[in-house]
Amino acid sequence: MAVAETQLYAKVSNKHRSKSTSVLLESLLAKGFPAHIAQKALAATGQKTIEEAAKWLHSHCNDPSLDDPIPQEYALYLCPTGRLHNHLQEFWKESKRQCGKNRAHEIFPHITLCDFFTCEDQKVELLYDTLKRVGDSFSQHFPPSISLSLHSSTSYLGFFIGDSHANILKEFALAFSSEASALADCQVKPCLKQLHLTLAHKFYPHHQKTLEQLAKCINPGETCQWVAALYSRDMRFVHYQTLRALFQYKPQNIDELMINSGDFIYVDPTQQSDVSEGWVIGTSHRTGCRGFLPKNYTERANESDTWVKHREYVFVTASRFFTQTENEANVKLNGEVHNPSISRSVTNVLSFQNATLRRGVLVMRHGQRVDQVFGKSWLQQCLTADGKYYRADLNFPPTLPKRKDSMKHFEYDPPLSCCGIFQSRLIGEALLDQEVTVSYVYSSPALRCVQTAQHVLQGLKLDQKVKIKVEPGLFEWTKWEASRVIPNFMTVTELAEASYKIDTSYRGNFPLSSLVPSESYEEYVSRSSEVIKQIITACPSKGKGVILIVGHGSSLASFTRPLIGLPARDSSDFAQVVRKIPSLGMCFCEELKEENKWQMVNPPVKTLTHGANAAFNWRNGIVED
């Protein structure tokens, strides 16, 4: 047994277990479920209905931890609803779009009254009774509105609760913790420090001003009904990452995990070092089973997405009532509130910020290359005895562009596969749908990058208007070149003659002859930093056009980090990051002209995810054994 699990067992051992008389429990016992497993199912589903508990039991029939006496962890939060909640959710959405995800996005807007504590499954109903009783006793004294004042630092942004109102909330938390601790035999600690409602936490310092501008659009005096809500989580996975399955995956091997679209998977980052690239090992929230699954079938979810709301007490001025369901249809856990009337102040600040965004830089990795599919010997598969190219598989390009020197140079300067061409055009069409205006296009001299840029422009319907500037300085870290020499790229003239829309008058900032084989990491970082600065300087800052840079996996970090003022990563960390960047992976930076800086935000289009498609021989298994 792992040390962490041993510690969890220690928390629940040698305690007296009283038998619950819950109607829900009696119904499950009548169906033949053992008492401890029935109680576990009820606690895991919030003790709402027999149907939910029975469904949980059915899903967890192969859960190896089903008999383990590990309880849920519980927390008491004070949550806003109504118009204030809607504006907070709008801030959540816009801050994530402009500044990327920070720690606050993991949880919905709330004020912590009692932080997480454990409670045995058969005693959870006592917490419900305590919440109702304490809520009733404080409802007459609960303030009709709570005083909120904005506080900001380099790593935190949020509302602090005014002292007079904070004292009432602390008394409420203390009363709940005292009674719950005594009745349910658990240690509940009230939050007695500065009460606050976090807006952003652990963000980059250069995002502070942007976040403050968005936060100032929230009117803390907006209409709000406050709700004291009891939530639970699985204490075994507190420090894990939570992933959400995008697609169904059926195991091909016994050690793989069955997942359905929408499933949540807990992944321990410390246990992934020995896992094959492109895979993770995790535990399903739905079934409790553990196994390997393809990482590109998932996306990062929020920590609170797997939490369960058990009961809530709604503080109202006219009457008091206690409910276990949501009272407003537009209140969701980390969900988007589809409110047709967005705050005018929020709209105004977004208009202001859009006015200050002069330029954008979209750095993109090239599409799928042929050797990525068919290996380094791909060219040998496509050459006849007399050295002529033919299409050995439909994913090979129909033809290769003409070049004056030997066709063998394509071996180290491979073209896109047909799927890579499709990927690139699809990205261009998505950019067109989002009305992204590309004013300048720069490409690495690698053929796969030039082709990607060409097909993105075709998808954007700009291939007759915008020409590609081939910039040798955008080539990847030369240490990673398999040939240990700089590839013999097609010339600008050859590319133009092959019908690529090349700006033949452009002279690169970094001559091709200056590329050094097996350059050091420091040399690569210096080259990248200098090239991106020169590109930005060369592109006029008037208008709001996007500068598209098509490069390599290494380009995403090496060109954007100096732009937003971040130092280069350590070379070992850099390599780990680059390995995870897929074809057409992209980063997007926006310029804040009046602040004379750049910030990284979400790209204007969604990611492109797809699975592998192996070669097929109809003879094998169809005709021959």
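Using the three backbone atoms N, Cα and C, a Cβ is placed for every residue, glycine included.
As the structure is a computational prediction, the values presented were derived from the model and not from experiment.
TrEMBL has this to say about the protein:
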| type | residues | note |
| --- | --- | --- |
| DOMAIN | 18-60 | domain 'UBA' |
| DOMAIN | 238-303 | domain 'SH3' |
What is the pLDDT of the domain 'UBA' (18-60) when averaged and given as a whole number?
86
Where DSSP helix means H, G or I and strand means E or B, what are the helix, strand and coil counts for the domain 'SH3' (238-303)?
7 helix, 26 strand, 33 coil
Per-state residue totals over the domain 'UBA' (18-60) - DSSP helix, strand, coil:
28 helix, 0 strand, 15 coil
